[in-house]
Amino acid sequence: MAAVPSRRSQQQPVSGAAGQQQPPPSSSPPPASPPPPLSAESPPRSPEMPPASQRQGPDSQPEGEAAPPPGLQPRPLSPPPGEAAAMLSPSSSVPPAPAPSSSSSSSSSSLSSGGSPPESPDSGAVGGAVGPGGPLSAVSGAFRELFEACRNGDVSRVRRLLEPGNVNAKDMAGRKSTPLHFAAGFGRKDVVEHLLQTGANVHARDDGGLIPLHNACSFGHAEVVTLLLCQGADPNARDNWNYTPLHEAAIKGKIDVCIVLLQHGADPSIRNTDGKSALDLADPSAKAVLTGEYKKDELLEAARSGNEEKLMALLTPLNVNCHASDGRKSTPLHLAAGYNRVRIVQLLLQHGADVHAKDKGGLVPLHNACSYGHFEVTELLLKHGACVNAMDLWQFTPLHEAASKNRVEVCSLLLSHGADPTLVNCHGKSAVDMAPTPELKERLTYEFKGHSLLQAAREADLAKVKKTLALEIINFKQPQSHETALHCAVASLHPKRKQITELLLRKGASVNEKNKDFMTPLHVAAERAHNDVVEVLHKHGAKMNALDTLGQTALHRAALGGHLQTCRLLLSFGSDASIISLQGFTAAQMGNEAVQQILSESTPARTSDVDYRLLEASKAGDLDTVKLCSPQNVNCRDLEGRHSTPLHFAAGYNRVSVVEYLLHHGADVHAKDKGGLVPLHNACSYGHYEVAELLVRHGASVNVADLWKFTPLHEAAAKGKYEICKLLLKNKLNTLFLLHGKEPGYNNLEVAEYLLEHGADVNAQDKGGLIPLHNAASYGHVDIAALLIKYNTCVNATDKWAFTPLHEAAQKGRTQLCALLLAHGADPTMKNQESQTPLDLATADDIRALLIDAMPPEALPSCFKPQATVVSASIISPASTPSCLSAASSIDNLTGPLTDLAAGGSSNAGDGAAGSERKEGEVVGLDMNINQFLKSLGLEHLRDIFETEQ
């Protein structure tokens, strides 16, 4: 526990003096040695309080006594008369308090006309605020019994006595306390919960103006305080003398309660009637909480290590932006950002962390995140307003940091948020100058030009557009949103947008380019009712019925916005009002009444009765009814649905005889529904082999793709329809997509083996340069990976970003795959574009141990000791964050402590068995058990880990 700043000597209470405030039960004892003297950086002290001997407040009362707040009428000095006195237990009888003095400096929480609660684990205090005891003689027997039960925590008795009419009854003989005042003051959490459920008023005040929260805070009942706050109690409620619950907790040194109050919005600047804040009156033990210094080092360490529970237990608005006392004076956000603690960064930002806070070197948290290539953290900071071009004391920007470390994706993110690569540091170097590779220099220049064009188009600044426009960037896409300059221009609110749109189209801008939501510039213009550019786009060949990810056309967007004139314009250009979105709505159904009227006039007739009967008969397999329909209707459409044909329905429902009849009478095997699916998609998806064979025999294309680029083989493979896969493969299907499938359903060993046996390219690359082994490694498919290795896949293949399969497996925590790859020649020293080895990306201790074993000593980072490691024993493993800091970075002690790995290793769900029928201890795709498998690889010491994960 960090040392609590000392108070001035004249403020120290005499040790052992009567009435001295005791530390709360949950706090640690004070240090044996005196606290260190105040440093120059310590916060300024509050005005001195009167010596303890002069105070009339709770801390100056003899043990067992308490004074009421100033102005409160003194309690009767005689004991409670009659029956009420007899009801009180001996432990609750306390001496009456003396009359208050006008100079009293403290409020007193009160529950009745009696004294303080006795010192006990339940009441939690001696002296202090007026306690929840006292005479109850003037109230009825039922009320008196209820108050007694609440004070004693007798829940069953409270349940029996409580009813809507007395839940907020007041102790009229005392301080007009309610049952909730009694239960809160004595810390009876169960009773408090029941009272609240029954309708107890958390805002009820006694005759001193105190609410139940005052009582709970004064006596240090943190759980009750939390419960009351969650039920709407006001953390800044003031009593008759303007004392808040925070005043009460601070005066009594209730540290946990102070933290809870601050976390729930308590204002430490509120002053009481005497002009004193909570800090002015605070017990020495609580002052550190109110200055933001309490356990500051533990808070910073929690942010660095990612300990969410510890962080949230200490975090308050007063310390969320605290700076370390030494090192680089980092804030919690600096540390969390540098160590890639995404969840901690989110929590800190939600609780008011300053994204502009600077450390000793002038670095903001964004510098740290960018320096270490933490993309998600960088994105979070930018979304919360971080300055993308912030400079440290040496004029380094976050882009300088990212570019100098070759953080390619982070560089793109920064540029998309306005980072300027032409800014120079104190050495006269720009981010482009500091880029370590020609490729990155070129990319920075290209993307900067592209983003400049996008911004000029957004502003509809004709001069800027002409200045930045170049052929190579005319169709540049924003990396995250995929917007082009044409998207930005048509969305602009500036009057020159039409001129900019025409200029871009003349220079070669793609009129039908789609953003990440598949919206074309026409979608964007129609959604905003920019009719001037709608006309320009139509004139340059815009597709009127292009679909976005929701299956909506530009007409849907215009109708949803209630843009009547835009709808008329689109209809005149040929937009189809009958198109149904993926949610099942036409444009008319999404518009207001006026839109519906003009669109209904242009909507084709509904499905005819004859067509409806044919569609339903095809679905039901009613061949006799199908034969009654004429050949002219054989390709009719379900206009109210997905525009399916009878053949779609028959194929999907496995109506073989109906399929045969329809095919012999002219049904179109290539007909597509609204989603681009042909009947073969339906048959393959549901595993109808005979129907699929019929369709293929009648010329159905096996390589046809729907709107989402899914082929019939995708459908069959995802559902494990092995026989259909063989059927399709016989018809020369392109198998590249299947081998690269990333969905869980694609982990099908039998299908993959069949593909490879029939000539599938084991090293086929997708557009990102990934081969199938990359995907198997990333998704934890050990059996598929073993099969690919058997067919001589390249274990050290690199994608566009120079990631190998070992990088993928290490990053995703795939222990078994790492062992398999290393055993078959994977090179653990290979680096990606950001100069990271698999060891740098490893997320599990057992994987780090494997990689350290496999790497030559000279290739290990300095923080990894090149000593032999044994997984079944204790393993020394480093932190996953880079160990070395640049001069411009601000992370304290980044290497962190070395950790031990338990003998059992770590269990990764992604590495589990791929099939439900796998025998225990058996690797699918290999004719050996786990022990034999590991022995064949020379990795017997990993048996415990494999057994745990299996």
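Here the Cβ of each residue, glycine as well, is placed from N, Cα and C on the backbone.
TrEMBL has this to say about the protein:
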REGION    1-132  region 'Disordered'
COMPBIAS  9-21  compositional bias 'Low complexity'
COMPBIAS  22-50  compositional bias 'Pro residues'
COMPBIAS  67-82  compositional bias 'Pro residues'
COMPBIAS  100-124  compositional bias 'Low complexity'
REPEAT    175-207  repeat 'ANK'
REPEAT    208-240  repeat 'ANK'
REPEAT    241-273  repeat 'ANK'
REPEAT    328-360  repeat 'ANK'
REPEAT    361-393  repeat 'ANK'
REPEAT    394-426  repeat 'ANK'
REPEAT    481-516  repeat 'ANK'
REPEAT    642-674  repeat 'ANK'
REPEAT    675-707  repeat 'ANK'
REPEAT    747-767  repeat 'ANK'
REPEAT    768-800  repeat 'ANK'
REPEAT    801-833  repeat 'ANK'
### Query
How do the residues of the repeat 'ANK' (175-207) split into helix, strand and coil according to DSSP?
16 helix, 0 strand, 17 coil
### Message
Quick test of the contact rule: Cβ under 8 Å, at least six residues beyond the ends. What residues does that give for the repeat 'ANK' (394-426)?
### Response
361-364, 366-367, 369-375, 378-379, 382, 388, 432-437, 440, 443-445, 447-448, 451, 455, 478-480, 801, 833-835, 886-889
### Summary
Long-range CB partners for the repeat 'ANK' (642-674) (under 8 A, at least six residues beyond its ends), listed in sequence order, are 551, 579-580, 582, 614-615, 617-623, 626-627, 631, 634-636, 680, 682-683, 685-686, 688, 690-691, 694-695, 698-701, 704, 706
### Message
Within the repeat 'ANK' (394-426), count helix residues (DSSP H, G, I), strand residues (E, B) and coil residues, in that order.
### Response
16 helix, 1 strand, 16 coil
### Summary
DSSP tally for the repeat 'ANK' (675-707), helix/strand/coil in that order, comes to 16 helix, 0 strand, 17 coil
